[in-house]
Amino acid sequence: MATWSGFNVSSSPLLRLRSSSVSNVTKLPFLSPICRRRLLAERFGLATVVVTRQNLTVTPSSAAVEARISGKREPMTPPYNILITGSTKGIGYALAREFLKAGDNVVICSRSAERVETAVQSLKEEFGEHVWGTKCDVTEGKDVRELVAYSQKNLKYIDIWINNAGSNAYSFKPLAEASDEDLIEVVKTNTLGLMLCCREAMNMMLTQSRGGHIFNIDGAGSDGRPTPRFAAYGATKRSVVHLTKSLQAELQMQDVKNVVVHNLSPGMVTTDLLMSGATTKQAKFFINVLAEPAEVVAEYLVPNIRAIPASGSMKPTYIRFLTGIKAYTKIFSRVALGARKNRYVTEE
């Protein structure tokens, strides 16, 4: 086996013929490791050359190079293994039902062991032994790690992890009037909890040969617009988009191709969280005009989520239920035709 510049070269005939070319490329200090590999792949045509400080290996690359260009891998075959945080009620529960209807296996969790038990029992009555549940406080790293262990014990691996757990502390008031407890609750759940879940989800999926997809759910404020009377909630949801982009960049820097972080936007969903804020004329107007039941939203989101692993796509995606066009169309219908007035709450 030949060596040069502190690197070992495999005895592949292809490498022996091209050794001078390889040496020239790997000695270019201004090229990143990724760029060097790309140049080597182009130079050899039929092989991807991976350089490490220990050895230089050759792997078949026609599919790999094509996957790098297209952003795709081999499609994942359903049924999928799904994990959803904050999934004993609201949109989380509706998503769980929709995945189960599609034939997938689902792990649900909540801070309340009682709610988990009730939700699992209800879902098992409808879908059989394809659902598991456990107590988990996403603001506690130990709980999240135990959630991963629980999922691996029952399902071996997770294909899709949806970070849905969130809180507004059921508090709608100016920030100046917010209590310490409410602010801590919102920030710990929506920001720290999301970070802990993303960290553990990525660490788990990086050990899985099939990788996986992580979806972070946004909310009011994620687009940068003001959220008066729930400023803390809006600020934490704005951070969701930033965190997702940062994680996408980190995975790209590490040349990770089989783990992807996406954003998921359910829009306005008629959950307890949303309806608790229907206290002003403006809030009631927009809830009636734009909000939809969790079941309707889940029916749209789940097929779009499942389509990503099914296609083999490994490109970051932002799936939106309520697009700008949909929102403006609904508002126009309301203003022009009076549509959806008093649909959920009575407007004064």
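Each Cβ is built from the backbone N, Cα and C atoms, and glycine gets one as well.
As annotated by Swiss-Prot, transit peptide applies to 1-61.
Swiss-Prot lists 84-108 with the feature NAD(+) binding site. Its Cβ taken as reference, Leu100 (NAD(+) binding site) is surrounded by 21 other Cβ atoms within 10 Å in the chains shown. Look at Leu100 (NAD(+) binding site): DSSP puts it in a helix.
For Tyr233, the entry in Swiss-Prot reads active site, proton acceptor. Secondary structure at Tyr233 (active site, proton acceptor), as computed by DSSP, is helix.
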Inset, instruction - Measure from the Cβ of Thr88 (NAD(+) binding site) and count the other Cβ atoms within 10 Å, all protein chains considered. - result: 23
Inset, instruction - Using the structure shown, find which entry in Ile84, Ala96 (the binding-site residues) has the sparsest Cβ neighbourhood within 10 Å. - result: Ile84
Inset, instruction - Using all protein chains in view, find how many other C-beta atoms are within 10 Å of the C-beta of Gly92 (NAD(+) binding site). - result: 27
